[in-house]
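Scroll down for the structure; my scribbles are underneath it.
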Amino acid sequence: MPLTWVLPILIVMGLVAYGLSRRRAIASVAGDARRLHSLPGHYGLNALLATMVPALIVLALWTVAQPLMIERMVAADFPRDAVAPGSTLALTLSDVQRVAEGLEDAARAGVIDAGRIAAMNLKEATEALRAGGTVMAAPLTEAVLTAAVEYHARTVAMRRAMLATLLAVAAIGAVWALHRSRGEFRARNAVEQAVRLLLIAAASVAILTTLGIVLSMLFEAMRFFDQYPWQEFFFSTTWSPSFSGRGGASQLGILPLLWGTLYISFIALVVAVPIGLFAAIYLSEYAGKRFRTVAKPLIEILAGIPTIVYGLFALVTVGPLLRDAFAEPLGLGNSASSVMTAGLVMGIMLIPFVSSLSDDIISAVPQAMRDGSLGLGATKSETIRQVIVPAALPGIVGAILLAASRAIGETMIVVLGAGAAARLDLNPFEAMTTVTVKIVSQLTGDTDFASPETLVAFALGLTLFVITLCLNVLALFIVRRYREQYE
Amino acid sequence: MNDTGLTDTAPAKITARGVQVYYGGTHAIKDVSVDIPDNTVTAFIGPSGCGKSTFLRCINRMNDTIAVARVEGDIRIDGEDIYDRRVDPVQLRAKVGMVFQKPNPFPKSIYDNVAYGPRIHGLAKDRADLDGIVESALRRAALWEEVKDRLAQPGTGLSGGQQQRLCIARAVATAPEVLLMDEPCSALDPIATAQVEELIDELKQNYSVVIVTHSMQQAARVSQRTAFFHLGHLVEYGETGRIFTSPEDPRTESYISGRIG
């Protein structure tokens, strides 16, 4: 029976358990539901959960473990001298897996009889594979076929075992829950507990994913540092990767990229923070209700524009404008791609992040604060400067930091607005580039995941991650330290 | 009803004539005329929603901050029309301090809370002068002894009663002439209430104090004059003792004896 049948079967079993458990609970109190400890539905739900959840957990673990176990068993039986020269055991084993899956596909498509797989010879198997639509790079060998047959047989056996285990687990769960489904059983508490575990699991997924991302970057970055000295990476001021095949040493210094990132982000924040904050203050404190209901969504639309569109705007409008209006007359360069272009456009992109969040936070400051200040004879601007903004400051700092991490992680605007030249320069009208852009360019095209030129992307990513992490920690510290708390 | 003329000779600090207040379509205050003397405590009593807080907020033009509110009629402080075009509500509010129902200290240090008004109005010549103003305001609010060692700590960290006295100190520090209090004790326990009431009694040496209260005992304890509001009308106004012992209007009598409200 194929795997797709497992889920419906489990669901049906769960629903049946639900109905039986509910009925049994009501029967145990002679039909008077008021004498039950919990609502009848709770007894049903408890049985449903006891039936399905353990079985689903087993299913998930099994699905992950099965291919690994089979591969290990097949690998143990595989003759080492059958590995083709120039190839590795791992590559040959993936061939084995493809052949096994190909044969099964062929059987499913009706080209061959599934029972015949175990007794096939080379010629038959090759034809079956071709007919089944599996393309092999190299001709099939006897050893691979033998292994594939073993692989297939083991898969089939494992699948049967899994189905039996699943059904057994579900049945045990259902019987156990039914057995407990009597009037005095605290079904509601059991269900509440299960819900709590579900919520914990959901929260853990986010945390574990983050951990997984960090670890995977960490391992790849460590491979990079095995091949490339870290002093060079962190302190070299030159970024010039050589392209594979042409030879020559690459220079992979992060400093020019980091400089570009920070420079562009700085300009973006210089644009976005004052404009965003003033807009937020106007919207929350001065604007009439009607204006606010129109203006706020309009500003928030800015946040919905894809960054590539901002990039186009930078490329065709802002870049040439800045070059013609400032850079060339001032003798600062003749490049349309520049730090200034990317910074300005990114700043515009960030305005809604700052303004929308700050607006919400300022609006959340209690009216009592405004009344108190106005009642003492303060003007509106005094009230805003000395009471409202300090009260809202932790939130405003949070909004600015969110904008900062967006700026540091932004890629498309930089590609189109600032160019791709890694450079350490103070002139804002020069083309520069950022860490993110270089991550993209190192990982696109023909890549070899063993060379430092590719692996450097992970080291760059990790550095970027550490920087934003430090920024967030710093922000938390500042907010805690200088929080002016209202009730 | 309009016969609320003063029986004593104390000069009227605040005079209101024919005041009407509208909140959008609601007529909240209906033709209220009243004379409030200097150096007395005047209590506004009445059931919830009768307009006493609204009328209080007319006296320092706090209703201006509510977009839908509209005030008509004539309110004068020392004979000067406070709704005149030339009057700046900001300056008026410096002269007419206000303490609110719920303690609302700013999220600043105790010192900065009290120094807020003097700073924005430039009342202090230098730091030492400001220190003096803060100290005397805190002393007047009977809070100095409790907070003198922790002036740099946040005002929000004080207890409810201390917070309310801090708000009173904050209002006093601005050197107002009139002090408006909108149910200043409704969020306080009996001990803190007693402290604030004692304070109100002292404050009348220097100010004309107007207090809105739901507690008739409080009105009887702290005020010299009482005004009873009902459904936006000023029903009766006179000496506190007389209002509580021999009210003229049957509605006042019902309210005081607990039959309406």
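Placed from the backbone N, Cα and C atoms, the Cβ positions cover glycine too.
Unlike curated entries, TrEMBL annotations are predicted automatically.
Since this is a predicted model, take the numbers as computed values, not measurements.
If you check TrEMBL, you get these features:
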DOMAIN    A:258-475  domain 'ABC transmembrane type-1'
TRANSMEM  A:6-22  transmembrane segment
TRANSMEM  A:43-65  transmembrane segment
TRANSMEM  A:161-178  transmembrane segment
TRANSMEM  A:198-219  transmembrane segment
TRANSMEM  A:262-286  transmembrane segment
TRANSMEM  A:298-322  transmembrane segment
TRANSMEM  A:342-366  transmembrane segment
TRANSMEM  A:387-408  transmembrane segment
TRANSMEM  A:455-479  transmembrane segment
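Taking every listed stretch (A:6-22, A:262-286, A:298-322, A:387-408, A:455-479) in turn, the largest tally of C-beta pairs under 8 A with the transmembrane segment (A:198-219) is reached by A:455-479. For the transmembrane segment (A:161-178), the neighbouring stretch richest in Cβ pairs under 8 Å, chosen from A:6-22, A:262-286, A:298-322, A:387-408, A:455-479, is A:6-22. Between the transmembrane segment (A:387-408) and the transmembrane segment (A:43-65) there are fewer than 3 Cβ pairs closer than 8 Å, counting only pairs 6 or more residues apart in sequence, which means the two stretches are not in contact. Sequence-distant contacts of the transmembrane segment (A:262-286), counting only residues of its own chain at least 6 positions beyond either end whose CB sits under 8 Å from a CB of the stretch, comprise 292, 295-296, 299, 339-340, 342-344, 346-359, 362-363, 380, 384, 388-389, 396, 399-400, 403-404, 407-408, 410, 414, 418, 428, 432, 434.
Within the chain carrying the transmembrane segment (A:43-65), a Cβ under 8 angstroms from the stretch's Cβ atoms is held by residues 6, 10-11, 13-15, 17-22, 24-25, 36, 162, 165-167, 169-170, 173-174, 176-178, 180-181, 185, 187, 190-191, 194, all 6 or more beyond its ends.
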